[in-house]
Amino acid sequence: MLKVNIVRVNKNAILPRYATQHAAGMDIAACLDVPLTIQPSETVLVPTGLAVELPEGYEAQLRPRSGLALKYAISLPNAPATIDADYRGEVKVILVNLGQEPFCVNHGDRIAQMVIARYEHAELQEVEELSRTPRGSGGFGHTGV
């Protein structure tokens, strides 16, 4: 199992945890002194009170929680958000209220999922043209909707 160092930069922070044995993402919670209300169409930055030290070659991806998206239209506008291995600051989550009603976030509310993922740097090679495929340049619904 991959070891990731984590620090509570706020003593009241709640450590992320996997909700089930086979969950890909850990639930990550808000760390707030007072409740935060997100108005419809408003975007806010929510602190978690945590900082992580990821091994080289790994990133942490922050993703929306499906229940918040379905029930309240609360999402992450930059999903998946990336936390790089060399970042040492507090993890914060950008939330947007796409719904019609104000949404209140309280301390300890699970606001996102954090997935630890391996990545590789690519070496780009400029060429005159790309190899041909049956699909070609078809995209944006070319196989139907």
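The first residue you see is number 1, and the count goes up from there.
Cβ coordinates come from backbone N, Cα and C, glycine included.
These features come from Swiss-Prot:
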{"type": "BINDING", "residues": "Arg65, Ser66, Gly67, Asn78, Thr82, Ile83, Asp84, Lys92", "note": "substrate binding site"}
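A map of Swiss-Prot features onto the structure.
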{"residue": "Arg65", "record": "substrate binding site", "Cβ within 10 Å": "21"}
{"residue": "Ser66", "record": "substrate binding site", "Cβ within 10 Å": "10"}
{"residue": "Gly67", "record": "substrate binding site", "Cβ within 10 Å": "10"}
{"residue": "Asn78", "record": "substrate binding site", "Cβ within 10 Å": "12"}
{"residue": "Thr82", "record": "substrate binding site", "Cβ within 10 Å": "12"}
{"residue": "Ile83", "record": "substrate binding site", "Cβ within 10 Å": "20"}
{"residue": "Asp84", "record": "substrate binding site", "Cβ within 10 Å": "11"}
{"residue": "Lys92", "record": "substrate binding site", "Cβ within 10 Å": "18"}
Problem set entry | Maximum Cα-Cα separation (Å), residues Arg65, Ser66, Gly67, Asn78, Thr82, Ile83, Asp84, Lys92 listed as binding substrate | 26
For this session: Indicate whether Gly67 (substrate binding site) is helix, strand or coil by DSSP.
Result: helix
Seminar exercise, completed: In three-state DSSP terms, Asp84 (substrate binding site) is classed as coil
